[in-house]
Each structure stands twice: as C-alpha cells, then as structure tokens.
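Q: Mind having a look at this structure? Questions to follow.
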C-alpha cells in the first residue's frame, strides 16, 4: 500500500506552545512509519513556519536542516527549493492561532486535508461565550455567568455580580485553553486582580458561578458516525486545577479511568457529550468536559477541539480504555480527515449560470 504523506504541525503563537511540542513528540513517535512519510512543520513563536523531513528532533529551532515554508492557495505549500504536497495535516497547534479556526481556514485555502474540526466548529468551540449561548439554546446545561467585553470593563460592578453568582466564582478569558488566565475568586480584591489578568489574554472575559461537582471528561471521535468513550474523572489534588497543576507538576490531579459512575450516570454523561459535539458541528474529534453535581445534573464546562495528545493525556487514554489504542487512534483521525476533505470537494461551487 502506498504511504501517505502527512504533515505534523505544532508550536504556534500561543500560550500553549510547550504543550503543543509535547503532543507533537508523542504523535510523531506513535505514527507508523511503514504507513506514513512524515514532514515536521514547526510554527515558531514569531509565526514563521519551518519544515523538515528529518525526524530526529521535534524542536526545529535546534535543527540546521530546515526551510521556511509558505502556504500557496489552492496548491498547498512550498519552500524556496521544493513544492510540498501532503495527503493530510495532523495539527497539534493548541490554543489561539491553531485551535480557533485560523489555521483551519488557512489549510482550507491551501486545499489540503487536515485532522479535526473545520474552521466553523473550531472557532465556535474556542469561544466559550459563543459555545455557552449555543448549548443553552439547545437546552444543554451550562454554568451561570456573565460576559464582559474590554470596553465594558470600567462599568463592572462587583457587588451586583457577587449577588447574582455568589462566591467563589471563576474568571476566565473567553478564548484560551489549558486554564490559561483563569482565576478562582473569593473576594473583591481577587475579583479585580483576576479581571485584569484575564484581560491580558483576551478582549472578552467570562465570569462564572462555581459549580460544586465531580469533573468528568469524555472523548468523542468521528464525523458522521460517532464513537463516544467511557467517561473519565479528574480528581484535583489542589484547590484549583490551573495550568501549573495540569502541566508543570506531577501530582496536580489523579485521573480515574473509567470514572466510577452508575450506568444511568454514564449514559446521561455520554449523551450530553454527543449532543454537545453535534450542536457545535464538531468533526474529527473533541473532548467534552462536564460537571456531575450531587443532584446528578450534568453541566457542560467546555469542549476542547484540540485536546492534549500525549500518550498520557486524557483524550487518548479514554479512547484506549474504550478499545482504540493510541496508534490506531492516529490512523482513524487521519482517515477521518481525508473522508471530510473528499466530502467537501464533492460540494458544488458552480451554480450553472
């Protein structure tokens, strides 16, 4: 069977740059080199794209054998010396620039298949405000909260918000992942500090009521036909499971896979995850994070259309527990990307006039 030419793209102008490199290393190690010719595409912090087929080092800032790569609309990519044709792009560009529809739109213009959600699904899911509006409209429970734009910041009234949401509350940028810029608030001083911190990362901020409940995550895979994983639980070992707890410490949380749930709870959580995925027009894969309250309400916290993809990350671990090992998962995602690309190419653009 002919090998597929796969571009692995990672890095990016994002607060999640280091996380992206870790995911890329795991994906590179697990891709079957008997099936795929892999090209590394490292998006530097400057935004420059550099590429090589030398797979010895994931951080191309440390490699001499690389070239600057450019997108050629309709014709994929080129360097100064080579025109590059790829069968699919596997993106692990976490966070802004890579997870918010920007790079997806660029890849659409380049006319190349790519793993994961399309431009619309990525952009909608990245914006927590838009996500919550859509889910609420479709009667999927989300946390109570308010949205503050930068131009409204000076008019924010702490007392009114505290009265409406209670304490503690959480303040978070609308368009960030991995808990970047997220703060837990217990008083007015913390509120003001948290608001300023969140606006360092976005022009729109969410202020949400704290949800008391178990943190449950579900992996979803597919375009038309979906595979919904067993749920897993995150038991935080700290007061707030922030960026440092997730990535910089070894004991920030304990992952319980599968989560210890009743059959009814499992079915309800998996149904909410599937409905969330469908409501936001997701494709390829995503991880849906929910709270399960004492009264057995399932409240969606967020959906992550480009979750961490190291071999010990929650998304692949949940899929492995559900019968799809890591390397097979990569194969399925690449197949889904090509399926999505072919279906889009069947859409007519000639009106006949």
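Each Cβ is built from the backbone N, Cα and C atoms, and glycine gets one as well.
TrEMBL does not curate its annotations; it predicts them automatically.
From TrEMBL, for reference:
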type: ACT_SITE; residues: 16; note: active site
type: ACT_SITE; residues: 178; note: active site
type: ACT_SITE; residues: 313; note: active site
type: BINDING; residues: 128, 170-172, 178-179, 208-215, 301-302; note: ATP binding site
type: BINDING; residues: 289, 302; note: Mg(2+) 1 binding site
type: BINDING; residues: 302, 304; note: Mg(2+) 2 binding site
type: DOMAIN; residues: 132-335; note: domain 'ATP-grasp'
Q: With a 10 Å radius around each C-beta, find which of these binding-site residues (301, 304) has the fewest other C-beta atoms nearby.
A: 301
Q: Please average pLDDT over the domain 'ATP-grasp' (132-335) for the predicted structure.
A: 94
Q: Given the recorded positions 16, 289, 302, 313, which lie close to residue 128 (ATP binding site), meaning Cα to Cα within 10 A?
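A: Checking each Cα against residue 128 (ATP binding site), the hits are 302.
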Q: If you count the other Cβ atoms within 10 Å of each Cβ, which of the binding-site residues 171, 210, 212 comes out on top?
A: 171
Q: Hey, does DSSP put residue 128 (ATP binding site) in a helix, a strand, or just coil?
A: helix
Q: Would you kindly give the Cα-Cα distance separating residue 208 (ATP binding site) and residue 313 (active site), rounded to the nearest Å?
A: 26
Q: Near residue 289 (Mg(2+) 1 binding site), which residues of its chain come within a Cβ-Cβ distance under 8 Å, counting only those 6 or more away in sequence?
A: 215, 216, 217, 300, 301, 302, 303, 304
Q: So of 208, 302, which of the binding-site residues has the fewest other Cβ atoms within 10 Å around its own Cβ?
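A: Across 208, 302, these binding-site residues, the one with fewest Cβ atoms within 10 Å is 302.
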Q: How many whole Å apart are the CA atoms of residue 208 (ATP binding site) and residue 16 (active site)?
A: 23
Q: Mind telling me which of the binding-site residues 128, 214 has the densest Cβ neighbourhood, counting other Cβ atoms within 10 Å?
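A: Of 128, 214, the one with the most crowded Cβ is 128.
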Q: Identify, among the active-site residues 16, 313, the residue whose Cβ has the fewest other Cβ atoms within 10 Å in this structure.
A: 313
Q: If I take the alpha carbons of residue 171 (ATP binding site) and residue 16 (active site), what is the distance between them in whole Å?
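A: Cα to Cα, residue 171 (ATP binding site) and residue 16 (active site) are separated by 19 Å.
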Q: Rounded to the nearest angstrom, how far is the Cα of residue 16 (active site) from the Cα of residue 214 (ATP binding site)?
A: 25
